[in-house]
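J.: Here TrEMBL flags CYS295 as active site, nucleophile. Residues or ranges marked as NAD(+) binding site by TrEMBL: ASP61, LYS66, THR117, THR153, GLU187, LYS298, ARG365. Marked as substrate binding site by TrEMBL: PHE184, LEU185, ARG186, GLU187, LYS239, PHE284, LEU285, ASN286, ALA287, GLY288, GLY292, LYS358. Residues or ranges marked as domain 'UDP-glucose/GDP-mannose dehydrogenase C-terminal' in TrEMBL: 351-452.
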Amino acid sequence: MNDASLSAATMSAEGLASAGLPAEAAAGRGPLKIAVYGTGYLGATHAVAMAELGFEVLGADVDQAKVDALAAGKVPFFEPGLDPLLEKHLATGRLRFTTDLTSAAAWGDVHFICVGTPQMKTSHAANLSYVESAATTIAKNLTKDALIVGKSTVPVGTAARLRELVAAQAPAGVSLELVWNPEFLREGKAVDDTLHPDRIVLGGTSERAEATLREVYAGPIAEGTPVVVTDLPTAELVKVSANAFLATKISFINAISTVCEAAGADVTVLADALGHDVRIGRQFLNAGLGFGGGCLPKDIRALMHRANELGAYRASALLQQVDEINMGQRERVLDMAVEACGGSVLNRRIGVLGAAFKPDTDDVRDSPALNVAAALHLRGAQVTVFDPEAGDTARRSFPTLSYATSIEEAVEGTDAVLVLTEWDQFATADADKLAPLTATPRVVDARGKLDPARWRAAGWEFAGLGRPAA
Ligand code: UGA
């Protein structure tokens, strides 16, 4: 952020700091009314979690199909533990969904913005149009004092700009405050991460807004979750820096895995040994096909873009390397598949285990597994994909691949099998039973999940990223 926008943000902060607490909360009159805008992975989980914490919640989205599904008790994506809680709170009457954003704005005391910030089609920048549209709709349609809380992942400096936008849109006589409270939930663990977060970051809050958010998060705070109260740019940056650090950790171990391969060392053993150092830690040191999904790739690119705009060129260069190493892993796995098939995959049958970008989700956004499967298909291989949960979402994105409904079906008659997503059921698959189903038992483990000794003993030719040859 430059000085001019910083002072603009500070001025707006002062102007908005007089904004009142929602009246009900201030007067201790009943639970807060919480409106949540956007009902994707973040918003749907947040809305359900807010109901679980005891609030009256209205989830609002422009997507009629999503709203209909949620209102009927069906989560429109796979997220362990979310369906029963959704059903529970539709039944308690605390949780409702609507496409009427205008009424949600008039109804709520606290308005959480949880809409997406995808990567722009033409650059690495984040597309902020959904965030801007949500903030404008809320501000324009307020009928009482309110608190707008941004949770979406945004480039640093966005919240300050939004403050000016909402201040210009709010009806006269209504006072509002806009703060930032980034979300750190992981897909597959979203419910637990939301109800029991590692930390709560509150950016740009007045004392009254902080009190309201402490009321919202009273449950997790009572459990000991630390609260970090800071300014807007720091809150925005905490989020993207966390994702950038995780991405860097993955690319670090993937870079080291190339050294391991060249030197005949085993990167999985190395990672375990590194992880015993509490300063390093074992998590996010799994070498393999690299990171994908709707967050890490686009967040590091948006940070790269913003760092460049701000003149922080070294940070940008570091993230560029992280991205390059990550994308290079997909090439490495393709090369391994070609090598396993004797120099060409043309007309070879390849079984791909995994389509989701990681286990415990059906999300295939920027999935490294599907990327590799599609690239093999383009090189003339006959590719059959199996994923325990992401078969349908994968088929919608890549209808030209063929899909199996079991591991056995995917490996049937294959010249090579690739393990591309780290689902537990692939790690525990019965190598002895699978071997005779193949044309030739060859496996490429691109996630470091299989036990090479067990698979080799079952007659498989085994190749693993960063693992020594037999
Ligand atoms: C990530 C962050 O972990 C969350 O804290 C954050 O809130 C979220 O983005 C977000 O911004 O909304 P998520 O995208 O659900 O969460 O996925 P991760 O669990 O971080 O995994 C990302 C990718 O890294 C996956 O493709 C996974 O296979 C890969 N990965 C992970 C590795 O390749 N190696 C590892 O050791 C760990």
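Residue numbers in this text run from 1 along the chain shown.
Heads up, the Cβ atoms here are built off N, Cα and C, so glycines get one too.
Quick one: where do these features end up spatially?
T.: Within 10 Å of the C-beta of CYS295 (active site, nucleophile) there are 25 other C-beta atoms, taking all protein chains into account.
Spatially close to ARG365 (NAD(+) binding site) yet at least six residues away along the chain are GLY292, GLY293, GLY294, PHE357, judged by Cβ distances under 8 angstroms.
In the structure as shown, the Cβ atom of GLU187 (NAD(+) binding site) sits within 10 Å of 25 other Cβ atoms.
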J.: What are the DSSP helix/strand/coil residue counts across the domain 'UDP-glucose/GDP-mannose dehydrogenase C-terminal' (351-452)?
T.: 35 helix, 18 strand, 49 coil
J.: Rank the binding-site residues LEU285, ALA287 by the number of other Cβ atoms within 10 Å of each Cβ and report the first-ranked residue.
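T.: Max Cβ neighbours within 10 Å, all protein chains included: ALA287.
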J.: For ligand 1, pick out the binding-site residues LYS66, LYS239, ALA287 that have a CB under 6 angstroms away from one of its atoms.
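T.: With ligand 1 as the reference and 6 Å as the Cβ limit, the list is empty: none.
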J.: Between all pairs in PHE184, LEU185, ARG186, GLU187, LYS239, PHE284, LEU285, ASN286, ALA287, GLY288, GLY292, LYS358 (listed as substrate binders), what's the biggest Cα distance, rounded to the nearest Å?
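T.: Output for substrate binders PHE184, LEU185, ARG186, GLU187, LYS239, PHE284, LEU285, ASN286, ALA287, GLY288, GLY292, LYS358: max Cα distance 24 Å.
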J.: What's the CA-CA gap between LYS66 (NAD(+) binding site) and ARG186 (substrate binding site) in angstrom, rounded?
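T.: Cα to Cα, LYS66 (NAD(+) binding site) and ARG186 (substrate binding site) are separated by 20 Å.
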J.: Out of ARG186, LEU285, CYS295, point to the one nearest THR153 (NAD(+) binding site) in space (Cα versus Cα); all of them are recorded positions in the record.
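T.: Out of the listed candidates, the nearest Cα belongs to CYS295.
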